[in-house]
Amino acid sequence: MSIVETCISFVSTNPFYPFCTGLLLNCVVTPLYFWKTQNGRIVVVSLLQFVVLYATAFISIGTDKSLYRNKWVALPLSKKTRISRNTSLYCFKLKYPFERLHIPMGYHLAVRVTINGERLVRYYTPVNVPNTEGHLELVVKTYKHGVVSKYFDKLKIRQYVEFKGPLGELEYDQDTATELGIIAGGSGITPVLQVLQEIIPSPEDLTHISLIYANETEDDILMKSQLDHMAKEYPHFKVHYVIHKPNGKWNGDVGYVTLEEMKRYLPKQAEDHRLLICGPPKMNEMVLNYAKELGWSNGFHKGNGTDKVFVF
């Protein structure tokens, strides 16, 4: 294949095709002019012009990205994976295959869908591993009376959903906490997972983290393999599961999160300790009351980095 054919093939199959077409014509015409006289010059001219062409297109990502705080962008569903009896992992394709989403820890996205002519907005936290390229991943649990979650459950590949963000208030400073206690319930694990992925692998951040993760049944535990892998790989992270309706083989904690479990598994209230809570409203309210009894000051939602307790 000639250098010209290679350029045409490469550009026509990459995300900048519409942008590059005009510049490619100039790249093609020039080497054809020199083909019979200076074969070496053909390659030099082609490569130089192609580098300029592609670099210019690469810079254009900054002005045409997949997420904005102040406007909606539609992205297509590219993959859907069932991860539990009522929960799926949804993968949406970004505009560019090597685009990375820079979503601050603990932040979420606004998601908009149209159902029966009505636009509905919900908020979800991406579960992308840091530096993931080309796609956005969401974990969505389908609820019996959840209009939007049931809409997600019926999504087809290449169907579009609108996104806006990132949005949020949590600000984490690794210098403010030596120990971090986290209580998550159900799908509330998704923003927590984002926090864990940011802190735990960092060699500069050795904050000790203890997580209590509560669910209705063992089958409802989301991302369990990931959590167990983190706990095995990083000794400064511990995870404890609580199941409301266990099966016969379950040998962990049973029921709802209790005051005693918080005392047993989570760090005590201290100046350099923090507590994060993310779950259903009733669970959050109950856990906040327990936190009061344990000496934590609560009711914080600002997330300015000095709050002792933060509720997602």
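Placed from the backbone N, Cα and C atoms, the Cβ positions cover glycine too.
Residues or ranges marked as topological domain 'Extracellular' in Swiss-Prot (evidence: sequence analysis): 1-14 (among others).
What Swiss-Prot lists as transmembrane segment is 15-35 (among others), and the listing cites sequence analysis.
The topological domain 'Cytoplasmic' annotation in Swiss-Prot covers 36-41 (among others). Each residue in the topological domain 'Cytoplasmic' (36-41) has a pLDDT score, and their mean in this model is 46.
Taken from Swiss-Prot, the feature transmembrane segment covers 42-62 (among others), and the record attributes it to sequence analysis.
Per Swiss-Prot, topological domain 'Extracellular' is recorded for 63-179 (among others), and the stated evidence type is sequence analysis.
Sequence annotations record features per position, and here Swiss-Prot assigns domain 'FAD-binding FR-type' to 70-173.
Remote same-chain partners of the transmembrane segment (180-200), defined as residues 6 or more beyond its termini with a Cβ less than 8 Å from a stretch Cβ, comprise 87, 103, 105-108, 124-127, 129-130, 138-141, 172, 174, 207-216, 220, 222-223, 226-227, 230, 234, 236-237, 257, 262, 265-267, 273-280, 283-284, 287, 312. If you look up Swiss-Prot, you'll see 180-200 (among others) marked as transmembrane segment, on the strength of sequence analysis.
Secondary structure by DSSP for the topological domain 'Cytoplasmic' (201-312): 33 helix, 26 strand, 53 coil. What Swiss-Prot lists as topological domain 'Cytoplasmic' is 201-312 (among others).
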Exercise for the section: Over the span of the topological domain 'Extracellular' (63-179), count residues by DSSP class, listing helix, strand and coil in order. Expected result: 8 helix, 53 strand, 56 coil
